[in-house]
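The domain 'Major facilitator superfamily (MFS) profile' annotation in TrEMBL covers 11-457. The transmembrane segment annotation in TrEMBL covers 52-73, 82-103, 109-132, 177-198, 332-352, 364-385, 405-423, 430-450. The region 'Disordered' annotation in TrEMBL covers 488-508.
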Amino acid sequence: MTSLMDKKTEIVLFSATAIALYGYDQGMMSLINTNYDYLETMGIGGEDPLVGIIVSVYYLGCAVGAVFASLLADMGGRKPSIFACLATTSLGNLFMFVAGLGYSRGARTMMFVGRVIMGLGVGGIDAVIPVYSSELNSEGGRGEALAKEFQSNIFGLNMAFAINLAVTNGLGKDNQWAWRIPIIAMQIYPVLLLTFIYRLPETPRWFIFHGREDDAKSALTDIYGEDDMKQKFDELKRAHEDESSHTVGYNDMIWPRSQQFHPTMVTVMGQVNQALTGYGAVSVYGPQIFELLGLGVAVAEYLTQGNYVSYFFLMTFAWLLIDRLGRRTMMVWGAFGMAISFLILTLLGGLAQNADKLKIPSMPIAIVGSVVLYIATGIFGIGWLSQPWLIPTEIFPSASRAQGAAISVIIWGLANFAVTLLTPIGFNNLSYWLFLVFAVTNLFAAWWTWAYSPETGGRSFEENQSFFEDAKEHGTWSVLKVNKGDFRGMPQGEKADGETQPLLGNGE
């Protein structure tokens, strides 16, 4: 029994460490962008749009990497795809590290190439890891497992910013190693994971989908033991037989009236709305936001670190609540909470920028604003960080689950490319009024989620797919109208209890 628990723990720890790569990059670039030697090496100024382009081009790489990784995950397996993505991430990171190291001509090009290559790897990881994790967890535990993994995302964010802050204070913003060390330190993630991946099983669902039943039985035994293997195998086999009557490709997902267009749009809008919450701007440009509230550079950097630490601990509520309250409820109320927070920050930002004219002290404004920003960050982590990544893994059949996750990453990459590109331009031109923009976009995210995003928690993959079949029969996408509104919340009764449900997300 202990060895089985150890295997499940290994799967969660591996997936969590892989997801931390995404958070590390966000924390890594936030202070690198303000390093004087980095800006000089890249041949750009502090307010040059190229600062945002170098950050954001990474997300374009993520979008492309998700496509290739999903194809490899379907053809060659989830594990080989993850291995290839980790190796690609490591290579891209090395390109970034050596950009301008001992030479100046072509340094910016090398950084661009490194950002794109690393994006290919991390985008692939973000596409495949949620699928891998979801296929190895029960419907009653999928949300908790992925939320725990995304808590490690915040650990990566904290680790990167802490290293950045330490070397910046120790070496100064004129020293090249103050920005190179945080880059190369990221290697610990892909190198560690590449040495550990051989210990993990391939998902039994993938084996069965490819007709490798003996391998599926071996993987199930490895995870759940000999006693439970046969029951789990029979469940997976029945689910595969139900799905095997049709195959699904991208053409069946991206065109109106196509077979999987409705779940694809739920996936797309989940990631669009996550970007519209504005937290991508907070994570990458945190110090600049605190400066908008009237704080000095050094204080802003330390408060940013404190915000990330608070973010990490508040994420505990995400995995405690996600399989109890449901994805949809947390997303709706989370967006409302952030809308209110950004409205308050708009007011406080205006007061901070005009404190001298109004003859009011700036420090109380900065303190209240910092508290509100801490709260908004926690709300995002609890309500929006993991949910848009989880839902795509719960609503597609096995034949298109990896493609669905890939589409999720593609939209995430494109949306965050736009956000990270436009945010510095927005701060330079709109100043604190950018907070008002985020307040409005959060209200839109809350409305769309309430109207059109079904609750997928506590249900098997097959039950969630039935929502879209019923929606097609009813001729509407409204959650309130499909199947008498049953998908507005978690299922009632025994089925909602994760401990009584079958494992691996199968139908009963």
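For all residues, glycine too, the Cβ spot is worked out from N, Cα and C.
Automated prediction, rather than curation, is the source of TrEMBL annotations.
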Does the transmembrane segment (82-103) reach the transmembrane segment (177-198), going by 3 or more CB pairs under 8 Å (6 or more apart in sequence)?
yes
So, taking each listed stretch (109-132, 177-198, 332-352, 364-385) in turn and counting its Cβ pairs to the transmembrane segment (430-450) that are under 8 angstroms, which one gives the highest count?
332-352
Determine which residues of the chain contact the transmembrane segment (177-198) at the Cβ level, with the cut-off under 8 Å and only residues 6 or more beyond its ends counted.
14, 17-18, 20-21, 24-25, 28, 31-32, 35, 37-38, 79, 82-83, 86-87, 89-90, 93-94, 96-97, 101, 121, 156, 160, 163-164, 167-168, 170-171
Go through the chain and flag residues at least 6 beyond the ends of the transmembrane segment (332-352) whose CB is under 8 A from any CB in it; none is fine as an answer.
273, 277-279, 292-294, 358, 360, 362, 365-366, 368-369, 372-373, 375-376, 379-380, 382-384, 431-433, 435-436, 438-440, 442-443, 445-446, 449-450
Same chain, outside the transmembrane segment (109-132) by at least 6, Cβ under 8 Å from its Cβ: which residues?
15, 18-19, 21-22, 25, 42, 54-55, 57-66, 68-70, 72-73, 78-79, 81-82, 84-100, 146, 149, 190, 203, 389-390, 392-393, 401-402, 405-406, 408-409, 412-413
Kindly state the mean pLDDT of the domain 'Major facilitator superfamily (MFS) profile' (11-457) in the predicted structure.
86
